[in-house]
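Per TrEMBL, these features apply:
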BINDING   40, 65, 66, 138, 164, 197  Fe cation binding site
């Protein structure tokens, strides 16, 4: 998947165009979202903006964190829900019990492969999450798009985009042995972000046109006008 989608040869569009495209997406794993996806993105971003007014990169990170869900749309290959949304986890080491639907891993041959079923598996402690293979999903796709298109978002922003669905790590503390110093610093920001991602889905509608100029200015600051997707 990373090789296939790493070609970035499907669409050329701006970040805001992608936000609008996301309105066509329905995430089956999201239990409490009736509003269009763009409203969830803006609700999260606006809630963070209120509490962290000086961290403009964090406002923009909130806006873009779920854009990878466009993988569900036909132009992006119409991947099935299980391959795009929901929680992510490492491959090549033991499946931690904190992973959602853990019981189904008994069907996975890796569970019985001695190379992959120990606590550290093919990795070493402190190797850095960048060196750990995580299951594919919308997180990694958007990280790939941002990085390859030369975003100037700080590392903490890219970390949030890449790992916000890695719940075994940031909710349960599993797999922390693989983190390096930079990961630990970035995780603090992911914990802050996650509070808003989960609990900002308010029933107060966001006036998209009113806040749009602010977010367009951030997009211009941290991204090129057009990105390859």
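Note: Cβ is positioned from N, Cα and C throughout, glycine not excepted.
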Problem - Local Cβ density at residue 66 (Fe cation binding site) - other Cβ atoms counted within 10 Å - result: 26
Practice task
Can you check which residues sit near residue 65 (Fe cation binding site), meaning Cβ under 8 Å from its Cβ, same chain, 6 or more apart in sequence, and list them in order?
Solution key: 41, 44, 142, 160, 161, 164, 193, 197
Completion exercise
Within 10 angstroms of the C-beta of residue 164 (Fe cation binding site), the count of other C-beta atoms across all shown chains comes to 21
Handout entry: Cβ neighbour count (within 10 Å, all chains shown) around residue 40 (Fe cation binding site)
Key = 23
Fill in the blank from the handout: Around the Cβ of residue 197 (Fe cation binding site), other Cβ atoms found within 10 Å total 21
